[in-house]
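In what follows, a single structure is set out as structure tokens and then discussed.
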Amino acid sequence: MRRMNELMKILGQTGQAMTFDQIKIQLASSEQIRSWSYGEIKKPETINYRTFKPERDGLFCARIFGPIKDYECLCGKYKRMKFRGIICEKCGVEVTLAKVRRERMGHIELASPVAHIWFLKSLPSRIGLMVDMTLKDLEKILYFESYVVLEPGTSPLKQFSLLTEDQYLDVMDEHGDDGIEVGIGAEAIKKVLERIDCKADKERLRQELKDTTSEAKRKKLVKRLKLIEAFADSESRPEWMIMDLIPVIPPELRPLVPLDGGRFATSDLNDLYRRVINRNNRLKRLIELRAPDIIVRNEKRMLQESVDALFDNGRRGRAITGANKRPLKSLSDMLKGKQGRFRQNLLGKRVDYSGRSVIVVGPELKLHQCGLPKKMALELFKPFIYSKLEKYGHATTIKAAKRMVEKERPEVWDILEEVIREHPVMLNRAPTLHRLGIQAFEPVLIEGKAIQLHPLVCTAFNADFDGDQMAVHVPLSLEAQLEARVLMMSTNNILSPANGKPIIVPSQDIVLGLYYLSLETPEFLATPDRNEYDAEGRLTVTGASSFATIGEVEYALSAGAIKLHDKIVARFDTVDAEGKPVRQTVITTPGRMLIAQILPRHPAIPFSLINKQLTKKNVSDVIDAVYRHCGQKECVIFCDRMMGLGFRHAAKAGISFGKDDMIIPAEKKVLVERTAAEVKEFEQQYQDGLITAGERYNKVVDAWSRCTDEVQAAMMKEISRQEVGKVTNSVWMMSHSGARGSPAQMKQLAGMRGLMAKPSGEIIEQPIIANFKEGLSVLDYFTSTHGARKGLADTALKTANSGYLTRRLVDVAQDCIIVEDDCGSERGLTVRAVMDGGEIVSSLSERILGRTVAADILDPATGEVLFKRDTLIEEAQAEKIEKAGVESVLIRSVLTCESRVGVCGLCYGRDLARGTPVNIGEAVGVIAAQSIGEPGTQLTMRTFHIGGAAQRGAEQSMVEASRDGHVTINNRTIVHNSQNVPIVMSRNCEIVLTDDKGVERARYRVPYGARLLVEEGAAVTRNQKLAEWDPYTLPIITEHSGTVEYLDLIDSITLVERMDEVTGLTSKVVVDYKQAAKGVDLRPRLQLKDANGHVIKLSNGNDARYFLSPDSLLSVENGAQVSAGDVLARIPREGSKTRDITGGLPRVAELFEARRPKDHAIISETDGRVEFGKDYKAKRRIIVKNDETGEETDYLIPKGKHVSVQEGDFVRVGDPLVDGPRVPHDILKVLGVEALSDYLVNEIQDVYRLQGVKINDKHIEVIVRQMLQKVEILEPGDTTYLIGETVDRIEFETENTKRLNMGERPAQAMPVLQGITKASLQTQSFISAASFQETTRVLTEAATAGKKDTLNGLKENVIVGRLIPAGTGSVMNKLRAIAAGQDRQRLAQARPVVSKAD
């Protein structure tokens, strides 16, 4: 084999990336470093400045590293190939290839050992953990500030205690002959490390762990134990962290390049190496001269510092700078960051055969074509042209061919045409946010210098023609061309991988043209369907004209007999289910007949599909239907024709934009005046002390935002009015069709601009009443500048943040690949329609489409099985399930998939971009990451302060029925107040609307204290009010009548009277009682007594006591009589600035990073009754006591938080005790994986839904699966795990199976949720983690543990230069594994023959 390798070297085929299965990283011993080295470097010189030859024994020495020219020694005695392998006796250089200078290493023998800075300073310090010292003490020893006692002997000193210079001298005087051993510097630490016996220490520490009780000590021991175990298992020795010699990397990797003018450009590493060599040589000389100790020690310290700088400059002390005052780039910096080796050269490479140019629109191209400028094509396809020129005998040599191409001879162009035929090229537009950012096209040669792009693919590329540039790449090999054609051709990417909807949809002008064609004019609606005659048979009303064929319609159109929008009766030819032609008579317009003409004939595509006004959404539905029923080819042809039709008629229609198209509604003045009056009224209420300042502000902002909406509605009504004889408003057509503009933009042009936000995000309560058509006043203009500027600044930030989110997502999900068809999992997720405020936001059929059924679906009415387990739900099945009235379906999900690596096909379901079951080898993780990250730039950056600027809707203060139905009230606990209105007393009351069949259609939460306006079982109509409440305060309501008594409400300690400066009215407010005298355990509350002075008992058996949290406003006096349903106190919900709702991108990032939100909810972990325990310092104690088991769970809650439960309330698992956003970790711990996935999917979908972005749930599930890769050990059983250790889930399951098979106790663990950054850094693969973030830390950790990287993910494989194990690469991997096995067998059989050749 060795011979074979040498032969390969001569042929220039060195080391293939395919010949290994895993990569291991570990510490190198001095012997290993010596074995790599080809010689010791003794001098700091680089090259001779006169001869430019490398100095002997210097950093570029040819004797050590190899010759400078191929097969030529330095002195020139031996030249040419025939002397290969000879070592020149004069200059000592081996005659071989010059490229060995890229692979041969040297070394420097150090005069004194030095510590490796990575293992010293990377936290936690590995050397520190091994010797059990703090980093501070270690540094004192290593940098020669303090001595350390290694062996106390018989002296009273402790082992490893530090001594200063003076103490050291005293100790040596006193105990010099007691066998004491004291050391300093790296030598001392090395001695300590040498004495460590990992195996024995491991046992000792395990024992100590069992015996220890203190938590802090346990944590420390666990850390140490893990490290010592890693050393024991990996055959590394701890003393290797201290180096006796350092390797020198090959000279070609740190080149010295002569510039013109006799100067040299050099890599920073050479400077760093030179410092090390200089100091090392000086130290050697000082030791030989027997210099005083202090000088030697100083030199040793400097040597340590220079080695530190070489490995990681700037990690300790000031960074060493070069001549131009910038820090030198050390070995660590070469790997780190965006410019480091990993991200710059290994993950992203520049490629040849590529070019870029500006793009222009190419409306006459077919969908699979792009226009490529001739000049570019000539350059890109040069080698192909040369070979063809030779083949056809136009040129005899490559040189001649080259000349012909340079002169651009006519035959060259003919050959170019031939070369390009059916050779796809790839177009890419940066930023490539999802896989549709690179697509393949067939080039069409064009004149000019700009690339032509098909208009329909612009959506996928997110391209427009305002100067965008695109890059072209040529796939060279046949396999690459095949992949480009089969997988990446634009015609194969009709559906979006994010949501399975068509992405090749017409937009802008095309939509406008189609909308205009299919317009319903008032004349159309006024024309009757047929002619009407009177009794004498005279024509009284002219109806729609009739036509027999589409041809006749076209003829009449061109003759001017009918107009595009007249009503006609025509015949439409289509086919039935058997494929036989049928004709149907339709009432329609000539315009729609033109669209029908290009429609594919198919029974599932009826004329009614286009016999309506075609808005952008309708057009998308048509394309979707054509794709689903007629297949891809028909769909592509249809899209191209549709584009042509749309463009042609948009041009003919001549729809334009005039200022008079913007109509200011007449009602505007009335609406504004009415709102101004309301605002005045609120001001008055505030002056009279009926409402607080915060409430007034809230009400004012609400009133204005309602007014703006009403003005907008009036304007839209005005603009969309159609009258006979009048042309339809152009601007309305543009907006309504979805071509351009939105009601929100039109509102600013012709309605009123509305509310604006201040820099802090608060809303300015004075709105801009004017619009752009009327013109803004100076003050209006000034108010609006801020918002406009913030918008621009936000956009810039947003792009960066969104890109970073995508990067983290890709990193965490990159190794999630479909590995098998079925994992056989029995588990799944229960899915139901998503409701929001009673509206169905996403129906059940939408959510289960393209998923696999996990358990048989039964018809709720008959109980028969609709669909069996493992059925893939297609459109038809989803509709059937929805029609049957099924409420929830158990579907398989990647979260419950039991595949060991990757996921299985059935758990994933349909491949959204193809509409078929997913293939093995599909990289679903990366697709998920791209689908979530790509719309990131469309999300907002703002943190909404209760519903951000000007977008805020009015506070919700009532529930209206969204449809007709019957009312059911869940958890109905009510009292009737003095007006006999029922008041809701339960914390989780819900109103459910059901239809006639009893199927739930809407569900509304009704808050505590709301007034119920309907009874159980009542029939309600749409928009009927069901309940209402005050949105600005949380009330505390009594359920009994009685006399109020204040408890612990002591003036100026817990209760103050606050006077409002503006109104002069006072209110009683409960304050935080920190000033109270110690020992007085005050808990402000109200209690109710009956006529006899006894405390009233409530229905649940508790006393009627109501606890008051700080900031409550009391509504009753001490001793007052109250009746049931009265409000005792109210807690204001602070307006504008209350809890900030984190919205948009930051919210998505917060969820994926699994951060604990500010002011989060505290949820109950058990069922039980609430009791208030004894307070603890600044916290309140809530106890939840389970009645059956008698278990008690304590919760400590900061005093300022509002507790949402009262004493004696019954809470269930997962109910909030304190309101606020929920913490995902708590949900996982208390309610399990399914609830967590439900929560995360819904929260993330809410953010995207707000922007109208559709993403399939399964993408979010894939990411959540990756966040749940680890488990935390609760009970180690007989395994070697430690309590509290986080272990990989798969590793944990393997270990447990092993223990069970051996008849031992398995470990127990619970799943932990990790944020995406943390999960990426803790993947199995250290290469992937190192190329993500914190490179040095990851590599340090991997090296001490002697980690192996088995190259399972995509990223590791890209880095080592193999095909990725996904897509076509997964097949290749399998084949390669089989082939390698066969090769081994053959080699084994042929071995004796090889040895003879030796």
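The backbone N, Cα and C atoms fix where each Cβ goes, and this holds for glycine too.
Marked as Zn(2+) 1 binding site by Swiss-Prot: Cys73, Cys75, Cys88, Cys91. Annotation note: Cys73 (Zn(2+) 1 binding site) sits in a coil segment as assigned by DSSP. Other Cβ atoms within 10 Å of the Cβ of Cys73 (Zn(2+) 1 binding site) number 25 in total over all chains.
The DSSP secondary structure for Asp466 (Mg(2+) binding site) is coil. Residues annotated as Mg(2+) binding site in Swiss-Prot, with sequence analysis given as evidence: Asp464, Asp466, Asp468.
Look at Swiss-Prot and you will find Cys823, Cys897, Cys904, Cys907 tagged as Zn(2+) 2 binding site, backed by sequence analysis. The Cβ of Cys904 (Zn(2+) 2 binding site) has Ile818, Val819, Glu820, Asp821, Asp822, Cys823, Ser825, Cys897, Glu898 as same-chain neighbours under 8 Å, each 6 or more residues away in sequence.
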Worksheet, complete the sentence: binding-site residues considered: Cys75, Cys88; fewest surrounding Cβ atoms within 10 Å belongs to Cys75
Practice prompt. Going by Cα-Cα distance, pick out whichever of the binding-site residues Asp464, Asp466, Asp468, Cys907 is nearest to Cys75 (Zn(2+) 1 binding site).
Written response: Asp468
Worksheet item: Can you list, in sequence order, the residues of the same chain other than Cys73, Cys75, Cys88, Cys91 whose CB lies within 8 Å of the CB centroid of the Zn(2+) 1 site?
Response: Leu74, Gly76, Lys77, Tyr78, Lys90, Gly92, Val93
Fill in: binding-site residues: Cys91, Cys897, Cys907 - member with fewest neighbouring CB atoms within 10 Å
Cys91
Discussion item. Using a Cβ cut-off under 8 Å and a sequence separation of 6 or more, which residues in the same chain sit near Asp466 (Mg(2+) binding site)?
Written reply: none
Response to the item:
For the binding-site residues listed (Asp464, Asp468), most other Cβ atoms within 10 Å of the Cβ sits at Asp468
Response to the item:
Other than Cys823, Cys897, Cys904, Cys907, the chain contributes near Zn(2+) 2 (Cβ within 8 Å of their centroid) the residues Glu820, Asp822, Ser825, Arg892, Val894, Thr896, Glu898, Ser899, Val903, Gly905, Leu906, Tyr908
Practice prompt. Taking Cα atoms as reference points, rank the binding-site residues Cys73, Cys88, Cys91 by distance from Asp468 (Mg(2+) binding site) and give the first.
Written response: Cys73
Item to complete: Please report how many Å separate the Cα atom of Asp464 (Mg(2+) binding site) from that of Cys907 (Zn(2+) 2 binding site), as a whole number.
Response: 38
Worksheet item: Can you list the residues of the same chain, besides Asp464, Asp466, Asp468, whose Cβ falls within 8 Å of the Mg(2+) site's Cβ centroid?
Response: Ile359, Ala463, Phe465, Gly467
Response to the item:
Whole-number Å distance separating the Cα atoms of Cys907 (Zn(2+) 2 binding site) and Cys88 (Zn(2+) 1 binding site) is 67
